[in-house]
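For reference, the structure is listed below as structure tokens.
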Amino acid sequence: MLDFLINLFIIASIFAIVASSLNLLIGFTGVFSIAHAIFYGVGGYAAALTSLHLGTSLLLALLIAMVASALFSVLLALPAARVTGEYFVVVSLAFALVAFTVFSQWTPVTGGPAGLVGIQRVTLLGIPLDSNEAYLGLAVVMLVLVTLVLYVIIRRTPLGRSLQALRDDPLAAQALGKNPFRLRLTAVLISAALASTGGVIYAGYVFFINADSFSVDYGVLFMAMVILGGAGTLSGPIIGAFFITLFPEALEFADLPSELKGPLEQIIYGAALVILMLVRPSGIAGMFSGLLPKNRRKGGPPDAPEGQPAAGGPVTGAATATGGVA
């Protein structure tokens, strides 16, 4: 039972990494992409090839994966960053389909449909991470690091503010001198590089990799995690990833007839997602936003409208308005 739970949390943490990186596009740039599983896959293949030919160093695998994924994302970013809305979705879908075909058929590099086997667990500074518990720790630490990187980018840099301005009002952002194409291109590059880190962990964990793990279905799944958890929040994609990963497994413990268990699980799962989005369109994270205290100034009267004195404050300008007091 413990091994089962560890496996679930490793997979959920990996998915949370990819969903969080996608949230940089969906939640903070206003760009919807179905192709994010491809960058996750590039990271996985890069880690697999590194393990098979260059060694098991985690840092080396991460470096190669992030560079390869960022470069590969240019193929999507250059044409797609010039369009918005549903057009970007269509371009990303076409890109995902083409990339999936390449993964499936480029046998000398990707192993074709059979994939790549013989992948070894990574080592960190020479220390082998050869247990599932160690890999769970690695997945959680990587999730924390990715979240911190996104926090710094979004909250602490001009780039983050520019991306959110582009999301909220593209025309106004452009009028202020922002370059929409350059901003979208930068966002795609960063999100692709971060998504590849999830692929690195996944490849080393399962010892095997093929294109089926990075299909369009996974691209849609990652998008659902972001939207369900709460796009535009740092915690939302993490919540969404764990919910979508763990909830179906929780239904396994329900007392359902064996012949109906599979279909009923899918119906309950789908209905729960629909109801949740109808009740809370802002996602699961939005359910808790109203519970958090607002930032309010302590003490003193409330701010008065412009041009009016605050309650309890001195009245100024009376002499000017009345011509003075005799």
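Cβ atoms are placed via backbone N, Cα and C, with glycine included.
According to TrEMBL, the protein has these features:
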{"type": "COMPBIAS", "residues": "309-326", "note": "compositional bias 'Low complexity'"}
{"type": "REGION", "residues": "296-326", "note": "region 'Disordered'"}
{"type": "TRANSMEM", "residues": "6-26", "note": "transmembrane segment"}
{"type": "TRANSMEM", "residues": "33-52", "note": "transmembrane segment"}
{"type": "TRANSMEM", "residues": "58-80", "note": "transmembrane segment"}
{"type": "TRANSMEM", "residues": "87-106", "note": "transmembrane segment"}
{"type": "TRANSMEM", "residues": "134-154", "note": "transmembrane segment"}
{"type": "TRANSMEM", "residues": "185-208", "note": "transmembrane segment"}
{"type": "TRANSMEM", "residues": "220-247", "note": "transmembrane segment"}
{"type": "TRANSMEM", "residues": "267-292", "note": "transmembrane segment"}
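Sequence-distant residue pairs (6 or more apart) of the transmembrane segment (185-208) and the transmembrane segment (220-247) include fewer than 3 whose Cβ atoms are under 8 Å, leaving the two stretches without contact. Looking at 33-52, 58-80, 134-154, 220-247, 267-292, the range that has the most CB pairs within less than 8 A of the transmembrane segment (6-26) turns out to be 220-247. Taking every listed stretch (134-154, 220-247, 267-292) in turn, the largest tally of C-beta pairs under 8 A with the transmembrane segment (33-52) is reached by 220-247.
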